[in-house]
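According to TrEMBL, the protein carries these features:
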DOMAIN    B:18-199  domain 'ABC transmembrane type-1'
TRANSMEM  B:20-41  transmembrane segment
TRANSMEM  B:53-72  transmembrane segment
TRANSMEM  B:134-160  transmembrane segment
TRANSMEM  B:180-199  transmembrane segment
Amino acid sequence: MIKLENLSKTYFTAEEEAVSDLNLEVKEGEICVFVGPSGCGKTTTLKMINRLIEPTSGKIYINQKDAISLEKSELRREIGYVIQEIGLFPHLTVKENVATVPKLLKWDPERIDKRVKELLKTIGLDPDNHLDKYPNELSGGQQQRVGVARAMAADPPIMLMDEPFGAVDPITRADLQNEFLRLQKKINKTICFVTHDIDEAIKMGDKIAIMNQGKLVQYDTPKNILFNPKNEFVEDFIGSDRGLKVLNLLKAKKVMEKEFYKADRSESYEQVIKKLEESKQKYILVTADKRKLMGYVNLKRLKENEESDWEKHIKMTPVIEEDASLKDVLNKMIENDVTLIPIVDSDNNLKATITMEIIQNYISDEYNQEE
Amino acid sequence: MAVIEYFFENSDKILEYTLAHLYLISISIILSLILWVSVGIIIRNREKTAKSLLGFGSLIMSVPSVSLYGILMTLPAFGLNMRSAIFALVLYSMIPIVRNVYTSLNEVDPAILESAKGMGMTEKQILWKVQLPMAMPVIIAGIRVALVMMVGIATLAVFIGERNLGQLIYQGIVRTKTEMIVTGAILISLISIIVDIMMEILKRILVSPGLLKEDSAGEGK
Ligand SMILES: Nc1ncnc2c1ncn2[C@@H]1O[C@H](COP(=O)(O)OP(=O)(O)O)[C@@H](O)[C@H]1O
Ligand SMILES: [Mg+2]
């Protein structure tokens with residue numbers, strides 16, 4: 001889908017090559033993550049693909065076509081582009097921002113309308129509330145979502161994303177990453193993704209391109225990068241906590257438990273107590289209508305307050321989705337000081353649970369296998 | 001009381017002066033807008049040209065208007081003529097308009113320009129759909145300054161034969177008739193205030209609400 005051949009760039013003002021003889025191929029539907037220290041040439045490489053920067057030498061093929069042979073603005077309309085600073089147009093509403101490329105492509109207004117609404121839903125913003133807002137009325141995370149929606153508006157087969165989640169706080173970043181991975185399963189774009197964060201690279205990438213000083217050092221799957229680093233540079237870049245890094249590769253759904261004790265709020269006080277005692281746990285998750293997660297109740301609290309309306313002791317719990325990585329799960333556990341997190345789907349239906357203990361077992365298994 | 005009396009007794013003359021005043025300003029601002037906004041747009045990417053042009057503009061600004069009228073009067077192409085007055089007003093409005101157009105177009109966040117380019121907008125589309133709308137608050141502020149200045153400087157054009165509200169003040173001083181001076185001063189202030197209100201309305205119409213909040217917080221120009 002995207003093929004870089006002997007690609008080099010030397011800026012006029014510089015002596016050293018910013019990108020040096022780069023060769024790699026990104027297959028259709030894959031996420032290729034460019035990662036490396038600051039100044040190693042990631043952004044330069046990405047901008048050569050949509051010709052915001054012209055290569056000094058080498059070739060770029062997009063669907064077997066030489067990018068140089070294509071008209072610049074037309075090429076760019078076929079390639080979604082997201083940058084860290086987002087660059088939303090402050091004078092336009094969310095709707096107008098997202099509609100930018102479809103308008104350039106002269107879609108009819110009805111089609112644009114439909115597409116924008118559909119996209120906002122996909123990225124988790126309620127169209128009715130957000131269509132007519134201006135960027136300065138949105139949170140950082142929401143702006144970043146709109147930036148992604150804008151890049152996807154005309155359904156380009158290729159997306160270039162330069163540190164797209166770099167400017168938001170770590171919790172929002174994990175959410176955005178998970179949402180994006182879930183979305184990618186549906187839309188199957190060919191994506192070049194730049195980051196300087198190796199954890200993000202491992203989590204997001206089908207392939208990782210590790211760069212240093214303009215050169216491609218290793219191009220491989222995250223697993224191979226972790227377990228067969230090509231040289232010392234890659235090893236150092238991964239860092240010493242490889243075991244923790246592996247957690248980025250594993251999805252919660254691989255280790256979650258689908259069988260667990262839960263209570264429904266329609267049940268009586270005695271039933272709940274009985275379940276709690278059976279489970280030998282200190283607390284139990286509670287659902288509404290047997291499906292929707294409401295929170296949890298604590299055995300001690302229930303016993304102290306022997307009452308029939310036990311529901312009022314239900315407390316909120318953090319939740320996670322099944323596509324989250326084990327690293328996300330662990331982070332959330334530590335942040336919230338819990339050892340169990342319920343897994344819900346996008347409609348808040350309780351699906352499964354995941355515990356610290358399972359993750360620990362999993363890490364030790366992985367280590368024993370590989371070493 | 002004398003002022004009101006004077007006003008009603010001479011309402012025909014006053015109306016004529018007011019219209020002449022407004023006419024001069026209208027012609028001048030229209031010419032200025034066409035000329036200086038275009039110049040600001042053309043020089044937006046030419047730093048050197050912009051520097052020398054703005055330097056020249058500041059020089060003009062430092063020439064007192066009476067001297068400028070005087071100089072123009074002696075030139076065969078101008079003389080005692082409305083052309084001289086218009087020419088002077090257009091020259092004076094160069095700095096506020098060109099400078100504001102130039103700087104505001106250049107102040108657009110590079111990240112916004114990059115994403116516009118990255119989405120496949122052409123230079124022209126970026127100018128019309130991104131840069132100009134984003135620059136609008138500052139451009140309008142420049143136009144407002146130019147207009148208010150014009151209202152004032154136009155009064156001095158009476159020295160080169162214009163018959164406008166400046167006449168009331170000038171004649172009032174010569175004939176020591178206070179009511180004439182006061183009538184003139186009040187009307188000129190009134191025009192300034194109306195211009196100001198009109199510009200505020202124009203701003204509400206032309207500037208996107210998405211920019212207004214930022215404007216009050218950040219730029220304060
Ligand atoms: N416009 C430019 N002009 C000159 N040098 C540049 C320019 N952009 C980037 N560089 C240089 O090229 C190298 C690679 O930069 P970049 O691709 O932005 O790195 P990264 O995105 O990996 O941090 C750096 O040494 C940087 O200083
Ligand atoms: Mg970069």
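Glycine is treated like the rest: Cβ placed from N, Cα and C.
Distant neighbours of the transmembrane segment (B:53-72): 39, 43, 78, 84-85, 87-88, 91-92, 94-95, 98-99, 102, 153, 156-157, 159-160; these residues of the same chain sit at least 6 beyond its ends, with a Cβ under 8 Å from one of its Cβ atoms.
When Cβ-Cβ distances below 8 Å are used as the criterion, the transmembrane segment (B:134-160) is approached by residues 21, 24-25, 28-29, 32-33, 37, 65-66, 69-70, 72-73, 80-81, 84-85, 88-89, 92-93, 96-97, 99-101, 103-105, 107-108, 112, 166-167, 169-170, 184, 188, 191-192, 195-196, 199, 202-203, 206-208, 211-212, 215, 219, 221 of the same chain, each at least six residues removed from its ends. With a cut-off of 8 Å between Cβ atoms, the residues of this chain six or more beyond the transmembrane segment (B:180-199) that come close are 3, 6-7, 14, 18, 21-22, 25, 140, 143-144, 147-148, 151-152, 155, 165-169, 171-173.
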